[in-house]
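Swiss-Prot has this to say about the protein:
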TRANSMEM  16-36  transmembrane segment
TRANSMEM  62-82  transmembrane segment
TRANSMEM  87-107  transmembrane segment
TRANSMEM  125-145  transmembrane segment
TRANSMEM  158-178  transmembrane segment
TRANSMEM  190-210  transmembrane segment
TRANSMEM  214-234  transmembrane segment
TRANSMEM  240-260  transmembrane segment
TRANSMEM  264-284  transmembrane segment
TRANSMEM  326-346  transmembrane segment
Amino acid sequence: MSVLRAVLVQDMARALLLAAAAFVLTLIIGGWWVRFARRHKLGKRIRPDGPQSHLVKVGTPTMGGIMIVSTVLILTILFNLVDRWSMLLPLGVMVSFAVLGAIDDWLSLTGSRSKTHGFTVRFKFWIMMAVAFVASLALYLPQPYGLEHEGLVQIPFVGEVNIGLWFIPIAVLIIVFISNAVNITDGLDSLAGWNLTLAFGAYGVITFLAEPRLTNLMAFCFTVVGACAAFLWYNAYPAQVFMGDLGALALGATLAVVALQSQQWLLLPVIGIVFVVEALSTMIQTGYFKWTKWRYGEGRRIFKMAPLHHHFELLGWSQPQVTQRFVLIGTVAAMVGISLALIFGPPATGLQVDQPGIIVIEGDGSR
């Protein structure tokens, strides 16, 4: 037990130190980025049909996700590439979606004054699908070409199940959906940042308690937690900088990959309930509007405005009220997700870690 406790303390201490380092580094990069973005007028355009209270945000610096992505990239490369395959995958997905989001942000900043978007929705969707497909293959293929998950998933009351090749299309849809869901949620100051902090924190705990222990993935999650927490320093109401597609798409896709790597992706709708509900509200609103326009000749709406946070704004809630209440929901959801992982996860048989050179203690002996 002394060996077990020593390794657990060492792993958690390493993860928390990376979180603290990420917080400090992101604060430094963030201060520089806010000044740089203001100097070069990298200000966000606000949709004219949105809530009128948002018009005061016109010109607020955007693409703030660069401070999170760059911090995670630097610290992971320096301190958390022990098991290269398991870390290169979330890093690769993060960078790929960040580049896509950065180009989209840049096009929206430099395009026609009458437009607020960069890429067309269809073009961006197919690029995201392509990157997600490559990531899903990397998860499914055997080593050394992939991580050899072979479609494994933890199902409550059932245990570990191999869903075979079905894993690939499911993983693609999860990555694309969660990436867009986070992007949709990023419409109020600190709303996406807070819920990303909670979600990555939850998966950090889940991977720490997993069998075998996914210690590198845990350290990665807490690195993102520290970076997101520091981003909130600049994104708290009233925001000095917005995350932009650069950050929202990248962090959403990375969260999905982390969930898939942990084999606890069925818990993602629970842990990321705010993201899921925000995305579904937009899909329901759009679908219902199109159907009623076809059926009755005029489009009708279920919500006052989509996504859902705008609906509550138009009901009279202030922006801080919407954010705080959604964050409270996200906090409870994260706790429920961790509890479900503990209840329905595989039984602990001893100590296993994914780092080479560590003693492994199992139920049938040690090696």
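Here the Cβ of each residue, glycine as well, is placed from N, Cα and C on the backbone.
Counting Cβ pairs closer than 8 Å and at least 6 residues apart in sequence, the transmembrane segment (158-178) and the transmembrane segment (190-210) reach fewer than three and form no contact.
Comparison of 16-36, 87-107, 190-210, 214-234, 326-346 by number of C-beta pairs under 8 angstroms to the transmembrane segment (240-260) places 87-107 first. Within the same chain, the transmembrane segment (264-284) packs against the transmembrane segment (326-346): three or more Cβ pairs sit under 8 Å, each pair at least 6 residues apart. As a quick check, the transmembrane segment (16-36) and the transmembrane segment (190-210) miss the bar of 3 or more Cβ pairs under 8 A, pairs 6 or more apart, so the two do not touch. Contact between the transmembrane segment (190-210) and the transmembrane segment (326-346) is supported: at least 3 Cβ pairs lie under 8 Å, counting only residues 6 or more apart in sequence.
Panel annotation: around the transmembrane segment (214-234), residues 11, 14-16, 18-27, 30-31, 34, 64-65, 67-68, 71-72, 75-76, 79-80, 82-83, 86-87, 90, 190, 193-194, 196-197, 200-201, 203-205, 207-208, 240-241, 243, 247, 251, 254, 258, 261-262, 353-355 of the same chain, lying at least six beyond its termini, place a Cβ under 8 Å from a Cβ of the stretch.
Non-local neighbours of the transmembrane segment (326-346) in the same chain are 154-157, 159-160, 191, 194-195, 198-199, 201-202, 205-206, 209-211, 264, 267, 270-274, 309; each lies 6+ residues outside the stretch with a CB under 8 Å from one of its CB atoms.
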